[in-house]
Amino acid sequence: MKVSTHHFLPSLLVALWSWATVAQAATHTFNWTTGWGNYNVDGNFERPVITCNGEFPWPDLKVKRGDRIQVYLTNGFDDRNTSLHFHGLSQNGTNMMDGPEMITQCPIAPGDTMLYNFTIDDNDGTYWYHSHTGGQYQDGMKGTLVVEPEDSLPFDYDEEVVVQLAEWYYDNVDTLDRKFMNVYNPTGAEPIPQNLIINNTRNMTWNVEPDTTYLLRIVNTGGFVSQYFWIEDHDMTVVEVDGVYVEKNTTSMLYITVAQRYSVLIHTKNDTSKNYAIMQKFDDTMLDVIPNDLMLNATSYMMYDKDGEKPEQSYVDSIDDFLDDFYLTPLDKVELYEDPDYTITVDVVMDNLKNGVNYAFFNNLTFTAPKVPTLMTALSAGKDALNPLVYGTNTNAFVLKKDEIIEIVLNNNDTGKHPFHLHGHIFQLVDRERGYDDAIGEGPHPFDPEDHNPFPDYPMMRDTVYVNPQSSIVLRFKADNPGVWFFHCHIEWHLKQGLALLLIEAPEEMQNTESQQLTDNHKQVCENVGLSWEGNAAGNTNDFLDLVGQNVQVANIPDGFTAKGIVAMTFSCLAGVLGLISLSTYGLMGVKKSEEEIIRDLGMDPDAVEKVDVSDINSDEDSSRTSKNIE
């Protein structure tokens, strides 16, 4: 039999290449147990933090694209559930490993263990991981993740440094939650942090070599405040944002919201005679109040001479000179996605419900978690999975068709900035309007499809982006990753308030894909926490359109007056009228004073003075008590 080398050699090369790829791919296995320990993060105050195997901080990870990650996460807490999310990874084909509780998994009960097992097939760059339960990452349950490309990076550097930024609270999240989601905080004012930290400390020292190019991977792992970041007398060249390599863009300052990542190149000077300040600054426009003892800046040290003096803090002429990421261009120049097949328009509002607590809303709905994780509803609902109703009336669920171009128009009617994150995708930011100010008669300004800025030919792409106050953003992405994907504000306080929605992408394909099926471990985790892994948002498996018993948001404050309000107003008015009558009646009555009272008022001895007729004094209100001569 004659073998055609024309077909055989390419096949052999493909086989060898595939074998080499498999051979080079590694499996990274981690066994982590959560717990509590005391730690003084900023050098000023010791407080409980969440530990990993009794240690703090949590480990920073570095893997290569194509590698497999296996994390056995054991819940070592006594009194709370937990979960884990790898922020920015697409989890293509492994949606159940994404991590947000009640979205793609049941929460992990105390004493239970869940295996996160996935291959990083289509991501490289700078990422991070964190708990997706109750703001636990604000208590320290988080770390960075660097995914190296299979080939070389599209830029040169000598050394790599990971820089983790965050704000820090002295109270733990449980305490802050009780004060925040409370009738005594009706405006929804977010808790004010006590400090800015960098790499889980304050006033970090970074020893550098002269004439060296450093790659800084900068991650804001905080839960609230955006930060300005700059290094005294050093430019930064941006080369990557959120796992997307971009054309080089040089700046002196970055503006980094929570959950965003920037990779920058910094080339050090030849002169080692001076050390330089590394600066962080709160975006104080996000703070409702600024306490007198809050330091808005934090200074760390870039040391050319480790024995030299540490630098003083560095000032800038304007805080507005930061890089605008809207104008970054992806290195692979992905063209603007064509006109969308489906546009989702959502309006952001912050308001109070009937219980007096302040909530956040998309289109007048505040996200309320279902009784069954949404992914499990999508997998068990059959053809009903195409009906958004099965996912609940308070989850803001949208069902997407495979490979459609999706557009999200987000109108921010709030007076603050919001960083929004989309799980499972990177998106194009095709429009972001400037912020508007009610104080000068502006805003809010919703997006106008007939009157907007020209869309860029090659829009910036990332997975976390901010919207300005009382303004709008427009995002586009391709629905090419079947799964249930969370879209939410990454300010943890706003997520607690319900600023989130769900995108259920090609559920029928998920049902027919082997890698998307629940593992036995997933099912056991649900059973151990007392939850079902089948059913609609109400837990109903007989009729997926029957939502009786589902979780719903607190009732709205009713229009007009309730019966109690009418009664209260009636008696208040009656009390007011009676009060006016009393004032009028007693105010018009003459109040006679005795002679002795008048004399004592004048500071005289009653026994030493001649008795006089005081009727004239009592009858003349304007008379001075010293106007009569008493002899």
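A Cβ is built for glycine as well, from the same backbone N, Cα and C atoms used for every other residue.
Note that the coordinates shown come from a computational prediction; the quantities given were computed from them, not determined experimentally.
For the Cu cation 3 site, Swiss-Prot records His132, His423, and the single candidate of His488, His494, His522 listed with them is His488.
According to Swiss-Prot, the residue from His130, His452 that belongs to the Cu cation 2 site alongside His87, His490 is His130. Binding of Cu cation 4 is attributed by Swiss-Prot to Cys489, His494, and the same site annotation extends, among His234, His267, His418, His421, to His418.
Looking just at the domain 'Plastocyanin-like 3' (387-506), the mean pLDDT is 96. Taking CA atoms as the reference points, His87 (Cu cation 2 binding site) and His494 (Cu cation 4 binding site) are 18 Å apart. Cβ environment of His85 (Cu cation 1 binding site): Asp98, Gly99, Pro100, Tyr129, His130, Ser131, His132, His423 lie under 8 Å away, each six or more residues apart in the same chain. Shown in sequence order, His85, Asp98, Gly99, Pro100, Ile103, His421, Phe486, Phe487, Leu495, Ala500 are the same-chain residues outside His132, His423, His488 whose Cβ sits within 8 Å of the Cβ centre of the Cu cation 3 site.
Separation of the C-alpha atoms of His421 (Cu cation 1 binding site) and His490 (Cu cation 2 binding site): 6 Å, rounded to the nearest whole number.
Under 8 Å, Cβ to Cβ, and six or more positions away along its own chain, His490 (Cu cation 2 binding site) finds Gly223, Thr257, Val258, Ala259, Pro419, Phe420, His421, Thr464. Here the Cβ of Cys489 (Cu cation 4 binding site) has 26 other Cβ atoms within 10 Å, regardless of which shown protein chain they belong to.
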